[in-house]
Amino acid sequence: MTKKLHIKTWGCQMNEYDSSKMADLLETTHGFTLTDVAEEADILLLNTCSIREKAQEKVFHQLGRWKTLKEKNPDVIIGVGGCVASQEGDHIRDRARYVDIIFGPQTLHRLPEMINQVKGTRSPVVDISFPEIEKFDRLPEPRAEGPTAFVSIMEGCNKYCTYCVVPYTRGEEVSRPSDDIVLEIAQLAAQGVREVNLLGQNVNAWRGENYDGTTGTFADLLRLVAAIDGIDRIRFTTSHPIEFTDDIIEVYRDTPELVSFLHLPVQSGSDRVLNMMGRTHTALEYKAIIRKLRAARPDIQISSDFIVGFPGETQQDFEQTMKLIAEVNFDMSYSFIFSARPGTPAADMVDDVPEEEKKQRLYILQERINQQAMAWSRRMLGTTQRILVEGTSRKSIMELSGRTENNRVVNFEGSPDMVGKFVDVEITEVFPNSLRGKVIRTEDEMGLRVVESPESIIARTRKENELGVGIFQP
């Protein structure tokens, strides 16, 4: 009988990536297959996020639902991972004694041993340690699921922004070696992946070891990834302005595989608030980065994170944020009302902005961003956009869907053989959350890099002399 695994994931793309690795790992070691139905599962894993308000209560609410499944079948194993697990540790079992496994983001690779221990001893396992980058050496080869893929290049963060729990839950910055990253991406490319998104809490802080023992920069890594056959688009998230150096900007100037879209969080337009947040950069320094980026790549579009209602934020501070939003002309944002995360310095600050004022500021900010995003979309009307076709449209099974370089979803009529390939689409309609277009050019007509295997080249060029000896002419 097939053993089944159910994983519920909350939070960032790093968590999504980690969950996919858990599934691959447990299929390899224990033969588990994924199921969307918790009631069918032999193992239930909750991959948690501690960024949002009331994260802990959300976890215990979900565990309460799973408790009934455990009562019906005591052999079901329940595990809690992710940042809440890292933050709370044994306290989770204080409130939920039926939880069998508690593991952190850096110990998910030990899940097979933890499961075996629970089955063998019927005793719980807690491992929320921070072994340096060990998990990547223990995970199976990557498996592609479509033409896009996420690849984690580093873990943790050293910035210690006053509102953020990441350094406490994922540890300090540790970079994967460049060879490991390039190998993983090459394996994905061999399975048909065309676009890769490099992941890290502070991705441009990557300083990984090269094959010769030297230390590479993030700009070096971007160029290495761009040279991999089959990879035609590169994205990365998330960046920090303080380490967005000129050598990265130069990659935008000379590397077309790097998309014309960047998520670069600023959080606030007020230097006073930025200082209280521990951001170590000013609004002017942020604008200088954007100015240099647009000199290197004039069509680049920028998105950001914003926190409104941070302790001590005045109306004038908020107006400076709105001024920055207009000056940079952000295309998109992830914006939130401040809520204190336990254990962070900001949790000890006086939360003196009234809740209604926070909500009003958030509404004003999001409305402005939405207006700017719509203006960006309208500029695309009548233009030709290169789309990576991801699959069937959510709006109609008779249509295909894909994304532009600037992360717009485009729906269009096409044939199934286009999935996983690029098409050029003329934008004919603009909607708030998507675009519509018509195909004007397929990948075969684009003249993209031709990727051939060594075997096909040898087969095509093999010759034999009069003695029957094979010779090869490239």
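Keep in mind that glycine also has a Cβ here, set from the backbone N, Cα and C atoms.
Listed in Swiss-Prot for this protein:
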BINDING   C12, C49, C83  [4Fe-4S] cluster 1 binding site
BINDING   C157, C161, C164  [4Fe-4S] cluster 2 binding site
DOMAIN    3-120  domain 'MTTase N-terminal'
DOMAIN    143-375  domain 'Radical SAM core'
DOMAIN    378-441  domain 'TRAM'
Problem set entry | Cα-Cα distance linking C83 ([4Fe-4S] cluster 1 binding site) and C164 ([4Fe-4S] cluster 2 binding site), given in Å to the nearest integer | 12
Exercise. Around C83 ([4Fe-4S] cluster 1 binding site), how many other CB atoms lie within 10 A of its CB?
Worked result: 26
For this session: Report, in whole Å, the straight Cα-to-Cα distance of C157 ([4Fe-4S] cluster 2 binding site) from C12 ([4Fe-4S] cluster 1 binding site).
Result: 15
Exercise. What average pLDDT does the predicted model assign to the domain 'TRAM' (378-441)?
Worked result: 95
Seminar exercise, completed: Residues sitting within 8 A of the centre of the C12, C49, C83 CB atoms ([4Fe-4S] cluster 1 site), not counting those, run W10, G11, M14, N15, T48, S50, I51, G82, T169
For this session: Specify all same-chain residues, apart from the site residues C157, C161, C164, whose Cβ lies within 8 angstroms of the center of the Cβ atoms of the [4Fe-4S] cluster 2 site, ordered by sequence.
Result: K159, Y160, Y163, V165, V166, P167, Q201, N202, G278
Exercise. Measuring Cα to Cα, how many angstrom lie between C161 ([4Fe-4S] cluster 2 binding site) and C49 ([4Fe-4S] cluster 1 binding site)?
Worked result: 17
Exercise. So for C164 ([4Fe-4S] cluster 2 binding site), how many other CB atoms are inside 10 Å of its CB?
Worked result: 22
Seminar exercise, completed: Other C-beta atoms within 10 angstroms of the C-beta of C49 ([4Fe-4S] cluster 1 binding site) total 19
For this session: Ten-angstrom check, please: count other Cβ atoms within 10 Å of the Cβ of C157 ([4Fe-4S] cluster 2 binding site), all chains counted.
Result: 22
Exercise. Counting across all protein chains shown, how many other Cβ atoms sit within 10 Å of the Cβ of C161 ([4Fe-4S] cluster 2 binding site)?
Worked result: 21
Exercise. What number of additional C-beta atoms lies within 10 angstroms of the C-beta atom of C12 ([4Fe-4S] cluster 1 binding site)?
Worked result: 18
Exercise. How big is the Cα-to-Cα gap, in Å, between C49 ([4Fe-4S] cluster 1 binding site) and C157 ([4Fe-4S] cluster 2 binding site)?
Worked result: 16
